Amino acid sequence: MPAIESPLVTSFEQSLTTPKRLERLRDHSVSVVSSTDHDHDEKTSVQWRPSNLGTLMEDPVRQLTVMGIVGLCYFSVCGGPIGSEPIISAGGPLIGLILLLVFPVILGLPIAYVTAELSTAYPEDGGYTVWVLHAFGPFWGFQCGYWAWISGVIDNALYPGLAVSTFTEVYGDIGSPTAEYFIKAAIAVALTLPNLLGIRIVGNGMVILSIFVMIPFIVLFVWGLVSGHDWSALGEMRRSDIVYDSNGDLVSMSGGLDIDWSTLINTLFWNFNGAVGMSVFGGEVRNPGQTYPRAMLISVLLIALTYLMPLFGAIVFNSPNWTTWDDGSFSSIASALGGTFLSTWIMLASFASNAGMYIAELFCDSFQIMGMAQNELAPTFLGA
């Protein structure tokens, strides 16, 4: 029976069998097989060789292990609980905590497992741009990669500014726009240096930095439970009529439910989105078939706990009241709970979080554009 041809399969095979692709595939975990059909037309197909997957584990070039990916994923997706406060204020503690349990299941885990499966099937740099290339061809592969890269570059430009803003909120304005500009530029240059020190150092550094970020929020969680005096707040939902006194403290809350679903869902999505970016350095992962699934599962659980624990402790302490929370409210919560000691610790964790997110974003953007170049989706000099 003659083989059934389809444009998608033909495009897939053509994308895999360009001269440069064939050379790269021979060097890794696939074999290139020439065959002749019943019309004596020679065809080239690509077959994955499971027997060669062991070389991916022993390849000295592949240096990233489970914990390195977990550290990078932590800062690519989360970076700490700061910014998650609107999840509670938009819907109330009951709705917010329930959705923090549900969202990792309906969003986090599916994306994590898709990333793990496809990164195992295509263990090379470029990640999702390679998936799109194979499925839809080079035009859409370029579109996907180019706009994602532009988004990452613009996003990364925010972090030096956020670090300076955190500093000025505590210690006051710097005073000179020129000085502020050069401080931001210096921060950007300094945070670029870790990526020049090697893949293993970046991976290990992300693990250490994530621990540094998490410790003060674990302290806040435990301290909040011990000092908690408003456990009934866990069952509250946002109401339409909220009255505050002259000091901004809650007096009463009544009326019908007034849940800000737009803010709630957008904040949840923002705080759990980004795991697919772990695919872009697939060519640097040792034993990807085992490493990726483990790393992605650990990452989803760790990120969910990063939000749940400090928010839970802050709710039962409930000062300032949860109805007033917005981005950055953890600083005022820490100040009310542990004074200058805890608020300063949280501020340092915020600096570390911004640094980690910058380094992780730069790392991922670099390997994405390199993978695109290796797959002829970007200028070849970027693939060095």
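For all residues, glycine too, the Cβ spot is worked out from N, Cα and C.
Keep in mind that what you see is a predicted model, and the values were worked out from it rather than measured.
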Range annotated as transmembrane segment in TrEMBL, from 238-260, 261-283: 261-283
Annotated stretch (transmembrane segment, per TrEMBL) among the listed ranges 64-82, 349-367: 64-82
Recorded stretch, among 64-82, 94-116, 181-199, 295-317, maximising Cβ pairs under 8 Å relative to the transmembrane segment (261-283): 94-116
Cβ contacts under 8 Å made by the transmembrane segment (64-82) with residues that lie 6+ beyond its boundaries: 199-200, 202-210, 213-214, 217, 271-275, 277-278, 281, 284-286, 291-292, 294-296, 298-299, 302-303, 306-307, 310-311, 327-328, 330, 346, 349-350, 353-354, 356-357, 359-361, 363-364
Long-range environment of the transmembrane segment (181-199) - Cβ separation under 8 angstroms, sequence gap at least 6: 63-64, 68, 157, 159-161, 163-164, 174, 205, 281, 284, 355, 358-359, 362-363, 366
Contact ranking winner - 94-116, 128-149, 206-226, 295-317 against the transmembrane segment (329-348), Cβ under 8 Å: 206-226
Beyond the flanks of the transmembrane segment (206-226) by at least 6 residues, Cβ under 8 Å: 67-68, 70-72, 74-75, 79-81, 306, 309-310, 312-317, 330, 333-334, 337-338, 342, 345-346, 348-349, 352-353, 355-356, 359-360
